[in-house]
Each structure stands twice: as C-alpha cells, then as structure tokens.
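Student: Pulled from Swiss-Prot, these are the listed features:
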type	residues	note
BINDING	147, 184, 185, 193, 217, 218, 219	ATP binding site
BINDING	254, 266	Mg(2+) 1 binding site
BINDING	254, 266	Mn(2+) 1 binding site
BINDING	266, 268	Mn(2+) 2 binding site
BINDING	266, 268	Mg(2+) 2 binding site
DOMAIN	111-293	domain 'ATP-grasp'
C-alpha cells in the first residue's frame, strides 16, 4: 500500500519509526509538509486535487494514497487539517479524521466534548475578551493554571501563584489577542501525570511523567522524568472513553489524580512515540500500522 504522513520534520523519532515500520510491513510511505500543499476544488471529477511544492523543482499533482497519518505540529493545524479534509473527501482513510484532529487541537472545545461525555476534567473557565479578568479568575481556585488554546509540549501553560498574578497575565494575553483558559491547579498530583497511548478501543502503552524539581509541568519536553506504570482498569477505561469522546483512533490521553478522583487533563491527537516506547518497552509503531491496515481493509 502507498501511505502518506503529513509532517514538517521527517527526522523526528515518531516519523522515522512509523516510516520504518510501514516499510518493514511492505508498504511505501511519503512524508510531506502540509504547508507545501496546494488544494484545488474543481468541477470535473475528481473534484478534489492536491499539488505539492518540493524544496527544489516544480509543483506536481499528487497521486492517490491508500491512507494518511497526520503528524503535523500546532503551528500547521489550519493547513494540515485542510489537507486532511481534502484527502478524506477523496475517501482516503485518515488516522485520525480531520474533524476529530482539529477538535483535539483546541483545548477548550476538547474539554467541552469530554465534559459532555461525562468525563471528569479540571474546573476550567473560558471568558470573552470583554469579560472582566478579575471576575473570571474568581471562578477558579488559586494557584491558577493559565493555558493558551493551542499550545503543546507544555508551551503556553503558566502557573500563577496568586490571583492578582493570574489577573495580570490574563489581561496581558487578552490585550495581545491570545485566548486563554483558566484552570484549577491540581497541586496534590505533585507535578505528576499519566500518559496513556490509545489505539482503537484499548490502551496499548502507558507511562508516568514527573516534572523536574521546581517545575509544575510533567511534559517530557520540559525535562520531565518518565517511568513504567501499570494502569488500573478504571484508568484504562477513562483513557479509552476520552479518546472516543473526541472521535480519535489514536490518542495520547493525559490523566491526573486529584482529591476529587481521576481527571483527564487533555487529549493529544498526535502523541509522540519516543518516550512511551522507550519507557514502556512496547512497540507502539507496529500496533499503529497494524490498526491502519485494518482500517484500510474496513475491518
């Protein structure tokens, strides 16, 4: 089969692992930058055409693919999801589908979807730009977490120790036209969370992440430490439910333990493979390609 991966950085561990695994399974895989696409809607069939601009040379019409794996970063979400939508319109299976991918990339909309599915999440508020910052901050506890809507890898997440600081940060971001969420800080978790890697209807791998001393974020890209963990049945169930609530085939679901019980922090539609594979010792890439093969076959 001929597969396509949408990714700006083909040398990343996850991209290299998936390409190698796909090729070992007898498939061909192209890795293309979504920002180098031109999308065309035309009268004659096929109505959806895609052109690609290589680093050198002239643009060319892309062939049809058997399936596509989106691995683009947050800065490419708009164009990446447009490319995905174009491919989906040609009935090409996407792992994940464009609507679910876009939903997961928006922290507020994804939290709304989780809450609508009766999945517990931290207390969170999202205020319009004309809503008074002080009144918004009063609706959550202090210390307060502030998050931009589209950050990743811990970027765009701020901890305000005092309410006054939260107000000041919120006002500054609002003035810069940067939408921000306010969220309860789960201090009892001790800067630790659980990353669950979900494929289909099961958790295939998991790890516990802990932030460095003095760091409230547990993300690996912020220097977090990982270790193996055995999940309870409840943790597995919540992780799968969270992925399904967003309509994702593949997801990285982040869980955190609070005084009120287990909460879902967020759901990642393009979770990294490097730390989860190295920590758990599980070959996640092979399971992703196997799942994609079944999806293509309609199983």
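Heads up, residue numbers simply count up from 1 along the chain you see.
Every residue, even glycine, has its Cβ placed from backbone N, Cα and C.
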Student: In sequence order, what residues of the same chain, 6+ apart, have a Cβ less than 8 Å from the Cβ of residue 266 (Mg(2+) 1 binding site)?
Tutor: 107, 110, 111, 254
Student: Calculate the distance in Å between the alpha carbons (Cα) of residue 185 (ATP binding site) and residue 268 (Mn(2+) 2 binding site), and round it to a whole number.
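Tutor: Rounded to the nearest whole number, the Cα-Cα distance is 20 Å.
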Student: Other than its own, how many Cβ atoms are within 10 Å of the Cβ belonging to residue 254 (Mg(2+) 1 binding site)?
Tutor: 21
Student: Taking only the Cα atoms, work out how far residue 268 (Mn(2+) 2 binding site) lies from residue 193 (ATP binding site), in Å, as a whole number.
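Tutor: For residue 268 (Mn(2+) 2 binding site) versus residue 193 (ATP binding site), the Cα atoms are 14 Å apart.
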Student: DSSP on residue 184 (ATP binding site), three-state: which is it?
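Tutor: Where residue 184 (ATP binding site) sits, the three-state DSSP reduction gives strand.
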Student: Counting other Cβ atoms within 10 Å, pick out the least crowded of the binding-site residues 184, 193.
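Tutor: Lowest Cβ count within 10 Å among the binding-site residues (184, 193) is 184.
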Student: Looking at the domain 'ATP-grasp' (111-293) alone, can you tell me the average pLDDT?
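Tutor: Here the predicted model's pLDDT, averaged over the domain 'ATP-grasp' (111-293), is 91.
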